[in-house]
Amino acid sequence: MQGKPSMHHELAATVMARCDELAAISAERHGLTRPAYTPALRAAHTLVTGWMRSAGMTVYEDAAGNLVGSYPANRSAARTLIIGSHLDTVRDAGRYDGTLGVLVAIAAIEALQRQELRMAYGIDVVAFADEEGLRFGHSFTGSLALTGRLTPEVLQINDADGVSLAEALHAFGGDPEMLAQDARRADDLVGYLEIHIEQGPLLEAQDLPLGVVSAIAGASHCQLTFSGTAGHAGTVPMELRHDALAGAAQFALAVETIARTTPDLVATVGELTPHPGASNVIAGQATLSLDVRHQDDDMRAQALHELQSRAAAIAQSRGLHLTWEDRQQWATVRMSPHFREQLRQAVQAVGYTPIELPSGAGHDAGILAEFTQAGMLFVRCQGGISHHPSEAVAVEDVAAALKVVEQFLMQV
Ligand SMILES: [Zn+2]
């Protein structure tokens, strides 16, 4: 049931051109920054709405501002397969993270329409309005709302300008009051599929265009503060110092060592802020972020325990006070065995070696996987680079993804 190869390449080229077009829609003059519920996201929705309509979909926005294109089934009272990803971005983003998944889904529907194919199930292409959480510091808002699990407190979170999420959503045309009523029912769904760039180097290293996601790794975000004694850089002798920054630096190196010696563990100190932060002052306080991820939740818990004792030991040996705050954590989410199998078969049928890999990054698929059967297809990206303007994807790989999605739709 494959269409002509030329059709997939033509559609893939269109996907690439549309990614370029959307990359120009930014809330900032330089670079691509498209936070949730902004005029920039509205402009992106307007463009994507046109593309959804020309692929034969009816288009609406749900109460959470997610853009939905519906392609009907070949019979009434059918269930729905959602193919989704997100159109919001991080700051100074690449043009494929999220966007590629939405546009490949639209192209897959376009391919069905051209072949005059309808499935026994309806297909909703969903562009989530807030996945990255850039504006409100809260991730997966769109998919949490769609699955009826957005807690009311989240609506009260303010952005940097003091605008609450509820106000921003209302101004965008959504309806904070209707979120619960508008949520999907799991019984109505066939499942959820997401296509996304890998954001890592594994596919490139194996010379493969596509990979099937096995699980989305659990993560813990913590914040640590080492407190010591501020002092003059010229007058306090070394042996009398309680240098908070030196303690924090020692901990950052310990994080690296522990992660390197624990299989499959990744741990990162990405932020480190000394106070008062002057070149001639011994830091009295240093605050750092800690991001710990592992596919095995027990291994992650064990690593956190080890890191906590290491931090305490460093603080004690330096006469520092330590506070440790657990900020947010997510358990590992496995993708549905059935969808994984279907995706592996589809990859094989299209002529590639099917491999599975875990996702170190969080995705809407992780939220949906707790609601319905979910599957995820990764597309190779150059150098594994993501969340950066130099994000790059090959048009041939996009064509391969399109073929696999079409094959998956026939099988599932
Ligand atoms: Zn993404």
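Even glycines carry a Cβ here, placed using N, Cα and C.
Note: TrEMBL annotation is automatic and uncurated.
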TrEMBL annotation, Zn(2+) 2 site containing Glu132, His387 - matching residue among Asp97, Asp159, Asp161: Asp97
In sequence order, those binding-site residues of Asp97, Glu132, His387 whose CB lies under 6 Å from ligand 1: Asp97
Additional residues around Zn(2+) 2, ordered along the sequence, whose Cβ is within 8 Å of the centroid of Asp97, Glu132, His387: Thr89, Val90, Ala93, Gly94, Gly98, Gln199, Ser386
Cβ contacts of Asp97 (Zn(2+) 1 binding site) (under 8 Å, same chain, 6 or more positions away): Thr89, Val90, His196, Ile197, Gln199, Ser386, His387, Glu391
Environment of His86, Asp97, His196, the listed Zn(2+) 1 site - residues of the same chain whose CB lies within 8 A of the CB centroid: Ser85, Tyr96, Gly98, Thr99, Leu100, Gly101, Glu131, Ile197, His363
Structural state census, the domain 'Peptidase M20 dimerisation' (218-314) (DSSP three-state): 39 helix, 31 strand, 27 coil
